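This report concerns only the one structure given below.
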There are 2 protein chains.
Amino acid sequence: MTAVESVGEFRFECGESVENLRLAYETYGEFDGSNAVLVCHALTGSQHVSNAPAGADHDDEVGDAVETAGQARAWWNDVVGPGKAIDTTEYYVVCVNVPGSCYGSSGPPADGPDGEPWGTDFPPVTVGDWTRAQRRLLDRLGVGRLHAVVGGSVGGMNAVDWAKRFPDDVRRVAAVATAPRLDTQCLSLDAIARRAITTDPDWNGGDYYGDDRPSPDDGLAQARRIGHVMYLSKASMGRKFGRRAAGRDAFGDAPDDPTGRFFPYREVESYLDYNAESFTGRFDANSYLYLTRAMDEYDLAAGYGSDAEALAAYEGELLALSFTGDWHFTVEQSRALAAAARDGDVPTAHHVVDSDHGHDAFLVEPEAVGPPLRAFLADGVDGRAVRDEDDDEPSGGGGGGPDRAPVHSSLFPG
Amino acid sequence: MTAVESVGEFRFECGESVENLRLAYETYGEFDGSNAVLVCHALTGSQHVSNAPAGADHDDEVGDAVETAGQARAWWNDVVGPGKAIDTTEYYVVCVNVPGSCYGSSGPPADGPDGEPWGTDFPPVTVGDWTRAQRRLLDRLGVGRLHAVVGGSVGGMNAVDWAKRFPDDVRRVAAVATAPRLDTQCLSLDAIARRAITTDPDWNGGDYYGDDRPSPDDGLAQARRIGHVMYLSKASMGRKFGRRAAGRDAFGDAPDDPTGRFFPYREVESYLDYNAESFTGRFDANSYLYLTRAMDEYDLAAGYGSDAEALAAYEGELLALSFTGDWHFTVEQSRALAAAARDGDVPTAHHVVDSDHGHDAFLVEPEAVGPPLRAFLADGVDGRAVRDEDDDEPSGGGGGGPDRAPVHSSLFPG
């Protein structure tokens, strides 16, 4: 169950402050002083990472237990829980809803100082703000050094940011389906998604809260449709939906468009429409603007000369986990992240999962994600199920970057 | 200069008819009885393919010469003209604005029987309708058998449709950056683009014509932004724009969005916004709906058991020209088209251009597109500059599909 903790005045990277930042979070398992694992959620995820039993602090220690309406379902229940890869009988798992989001933490739809929703008066947030806010909450929970930070997608940027910002505070960072920074193509699609929201008349400059006012559902739905295309691969979309017309029991509604009168409403449209519609019931349009801005802005090298320098002070180990069919956060980007970490003398593995599920793979392939994560949490990059991409390549296979071969040879002889 | 010809009553594939279909077209060069080349334009292209001198018929033979306001600039001027790959001193080049478009042919913004714009009362169109309408116009121009049909993108589908629908009427079909049918990912993006238009309140169910009424520019601009992402590759976007902030002299305007107050307006956004804005000045939103519907619906195999059967009656030769960085119409799709044609005993070459320009390559790399096109028009698949993808592969290189390797081995031993 979600708890909410106030962590006091918080100054954001943009220079603006809020008087009392509230953070919604969940914990699972028992803290033994050295077994804390922070899990960072993706763009539209929440603190509700698992259906596992809540940690003890939720009963009485800190925070107010709350019910969060419309919350996303447990988004990594196959990976986090008793006996699962991130085993809540072994680790004390903490997941925090990032500031700017809409699942109970301070953000645009939450009440501001005047008792009205913040709206766009809420300070712009960055991934660094998320990291610093998480640090603040962990202090309240009595967690000093983390055993690990694990995150996927922009949550992976959040995880990597821990290694950059608090290099002594974490032993192991697992950066799943992520990148040191977003590429131009994805920046473009995010900008288009935001335009869909800001050109929806019901967005009204961000001022749409209140029961009697329409919310910008058309725009938010469009943003989500674009998102889903980014989360799937060409191959997985083709395999799942092909060019088939939707059946009678299709989810979603064909758009009211007379130019479609001779043409089928396709299964893939039905899928996108259904998901877009359910998304508008659980997410806030302004939060979508805030969080995509944070993701777009994230640049591991910012403040340093390079990614390697940003990671040079990090004392722990890094697992970069990537998926061959992911075009949102590509294998090449994870490779670059791993190379930078190695350049910064961080013990690193880049584990590539062969998958055509696209970016969604990190959510929908627990059988591929679980074993390396479990092994990395237990034994670091030397964990048995952690495979570095150079490990199993035939000599001269050329799959890894040419700059990697010497490092590989020395670390994994024979 | 554009001429407009009325070709009489026309029944569309959907079953609806118009009393008098009007077709805007341009011709270049002189017809000698056997040198006609039909060029098929892409989704938002026009009949104005070149700035070359107009053909003789534009002076007096048929059609009414007209000025078409806001027409797209000559979209293939580097490829079509005197001395160019499609040499207008040698060939009689005809390009027809497809029905449903907005450059002078019958379509939603053109006047219907009551003197008012058709709007969404215009019949839904298909690529097959375009082919049949072009056949009708060529009859009026006195052109029986075509020397060649050349088209790119959905214009390439149009070109291939000639081989399917009028197999005796064309000697050579050059299908550039195209596919037998669109894949699921692109169907999705087209559906999202249409939603952007139909959810724009100014679209008003398709009824927005008239000087005193707003047109759905926000929606059409969004559709165009999505289009541009499809037309470029990840690599070309990265190379052109990176993550740079737009300078002071940026084109386009940053969206009016307070959530962006701490973040840069990026060059790539500026590029998309500028192009989107200029597009709304030259294209019609309803036409965009009609033409994407036609593209999405096209399926070479429709009415036949397979692509190969659809092409089996074709008596001419086929050049499929594809680009390695194109994810809208992929190399694999061109390969499938070529394989189907070969299965139908059509002399075929699949010429792959190594390019990271994405789908735009067929427009922006005339130096790569011109030589194989020129050679194919002159000498068919045996033309010197026509390279079949199997020709220059190192033995065992693996670039072709696995089903092709045996063919390769036997054709090019050692």
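Residue numbering: from 1, along the chain as shown.
Yeah, the Cβs are placed from backbone N, Cα and C, and that goes for glycine too.
Given the structure is predicted, the values throughout are model-derived calculations rather than measurements.
Noted in TrEMBL for the protein shown:
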DOMAIN    A:36-366  domain 'AB hydrolase-1'
ACT_SITE  A:Ser153  active site, nucleophile
BINDING   A:Arg224, A:Asp360  substrate binding site
ACT_SITE  A:Asp326  active site
ACT_SITE  A:His359  active site
REGION    A:380-414  region 'Disordered'
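Rounded to a whole number, the C-alpha distance linking A:His359 (active site) with A:Asp326 (active site) is 4 angstrom. Ranked by how many other Cβ atoms sit within 10 Å of their Cβ, the recorded positions A:Asp326, A:Asp360 place A:Asp360 at the bottom. When the Cα atoms are compared, A:Asp360 (substrate binding site) and A:Asp326 (active site) turn out to be 8 Å apart. Here the Cα atom of A:Asp326 (active site) is found 11 Å from that of A:Ser153 (active site, nucleophile).
Restricting the average to the domain 'AB hydrolase-1' (A:36-366) gives a pLDDT of 94. In this structure, A:His359 (active site) is part of a helix by DSSP. If you take the C-beta of A:Ser153 (active site, nucleophile) and look for same-chain residues 6 or more apart in sequence within under 8 angstroms, you find A:Ala42, A:Leu43, A:Val176, A:Ala177, A:Thr178, A:His328, A:Phe329, A:His359, A:Phe362. Under a cutoff of 8 A between CB atoms, and with a sequence separation of 6+ in the same chain, the neighbours of A:Arg224 (substrate binding site) are A:Leu272, A:Asn275, A:Ala276, A:Phe279, A:Thr280, A:Phe283. Within 10 Å of the C-beta of A:His359 (active site) we count 26 further C-beta atoms, all protein chains included.
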